[in-house]
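K.L.:
Copied straight from Swiss-Prot:
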type     : residues           : note
BINDING  : 182, 221, 224, 323 : Fe cation 1 binding site
BINDING  : 221, 272, 323, 326 : Fe cation 2 binding site
TRANSIT  : 1-21               : transit peptide
TRANSMEM : 178-198            : transmembrane segment
TRANSMEM : 240-260            : transmembrane segment
């Protein structure tokens, strides 16, 4: 009687191990092939649960397990891993560099072959040749907006007050002053562009190009800073000061723009006027020999399309022209709001950068 029970139990286990497990493993393994090689452990576990172990005993009987299913799962997993490795190596060879992850998303990590006009390789990832430009050196540097109303006077006084600690701290160290100035000047365009972007999608209306114009301004000011970082190496306490000033100015300007965009743009207009003055003094010290007229950084030569023999004086000159353009744009934006109109009602000055 006990032998009959043992034989019946063995038949049930063998049927499960050879029948059901084949079905489970084949279906799950085919699904895992489509998903990921790392999910291939699932069918092996199912095979184990269904009785496809190695050698095992039931009572006094010794049963030889079936390894065909396990081997099939393991071989398919190793084949898939090998296939992915080949794909990775092949992409690395074709792309000119090692690829850490197979490009499942269709994103090519290898850099395109971009060259300068002279045929040399383009070295920058932060901007491309079609994003470079020549600054408008004929722009009027002496323009000044005379404060007319309370908002204008408040903006003018704010900027004059901000200049006092800057003059005390940096004095005539115009390289460090320019570095600090650009960390502040890169904030308003980003804040204004961000708030206009949110307003545009909130009210389902176009911005008249002002989002693009302000974000271009922020990026341009950031490139000024990246250029200055090639010339000036700030000390640790100056870096700490930058973090402090940026945090305070960003939040203050954000609140100001939410409350009164007219005032915010006027403040930026006056800040740019101060920037023009600072860079003019910078140029005077270069002409007087107080600051060495060193060779221009490579990033500046490519970004502003300067001649290969350009110097620091050329770099400061084009940066000053950029600041004059930002001055005009922000005073223009404030004038639009001063007339009770939205910025989108007047076309934004796009295309300078």
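Using N, Cα and C of the backbone, Cβ positions are placed for all residues, glycine too.
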K.L.:
Can you count the other CB atoms that lie within 10 A of the CB of residue 182 (Fe cation 1 binding site)?
P.N.:
23
K.L.:
How many other Cβ atoms are found within 10 Å of the Cβ atom of residue 323 (Fe cation 1 binding site), counting all protein chains shown?
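P.N.:
Its Cβ shell of radius 10 Å holds 28 other Cβ atoms.
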K.L.:
Report, as numbers and ranges, which residues of the same chain sit near the transmembrane segment (178-198): CB under 8 Å and 6 or more residues beyond its ends.
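P.N.:
Same-chain contacts beyond the ends: 166, 170, 207, 210-212, 214-219, 221-222, 224-225, 228-229, 232, 234, 238, 241-242, 245-246, 249-250, 253-254, 257-258, 261, 264-265, 267-268, 271-272, 275, 278-279, 282, 319, 323, 326, 330, 343.
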K.L.:
To the nearest whole angstrom, state the Cα distance for the pair residue 182 (Fe cation 1 binding site) and residue 326 (Fe cation 2 binding site).
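P.N.:
Residue 182 (Fe cation 1 binding site) and residue 326 (Fe cation 2 binding site) have their Cα atoms 13 Å apart.
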K.L.:
Compute the C-alpha separation of residue 326 (Fe cation 2 binding site) from residue 221 (Fe cation 1 binding site), stating it in Å without decimals.
P.N.:
9
K.L.:
Provide the three-state secondary structure of residue 224 (Fe cation 1 binding site) computed with DSSP.
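P.N.:
It is helical.
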K.L.:
Checking your reading of the structure: which of the binding-site residues 221, 224, 323 lie inside a 10 Å Cα sphere centred on residue 272 (Fe cation 2 binding site)?
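P.N.:
Close binding-site residues: 323.
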K.L.:
Please list, in sequence order, the residues in the chain of residue 221 (Fe cation 1 binding site) that are at least six apart in sequence and whose C-beta is under 8 Å away from its C-beta.
P.N.:
182, 185, 186, 189, 326
K.L.:
For the recorded Fe cation 1 site, enumerate neighbouring residues of the same chain (Cβ within 8 Å of the Cβ centroid of 182, 221, 224, 323, site residues themselves excluded), in sequence order.
P.N.:
178, 181, 185, 186, 220, 222, 223, 225, 275, 319, 322, 326
K.L.:
Are there residues of the same chain, six or more positions away from residue 224 (Fe cation 1 binding site), whose CB falls under 8 angstroms from its CB, and which are they?
P.N.:
178, 182, 185, 186, 319, 322
K.L.:
So if I draw a 10 Å sphere around the Cβ of residue 326 (Fe cation 2 binding site), how many other Cβ atoms end up inside it?
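P.N.:
Around the Cβ of residue 326 (Fe cation 2 binding site), 25 other Cβ atoms lie within 10 Å.
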K.L.:
Within the same chain, and leaving aside 221, 272, 323, 326, name every residue whose CB is within 8 angstroms of the centroid of the CB atoms belonging to the recorded Fe cation 2 site, in sequence order.
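P.N.:
For the Fe cation 2 site, the extra neighbours are 185, 217, 220, 268, 271, 275, 322, 324, 325, 327.
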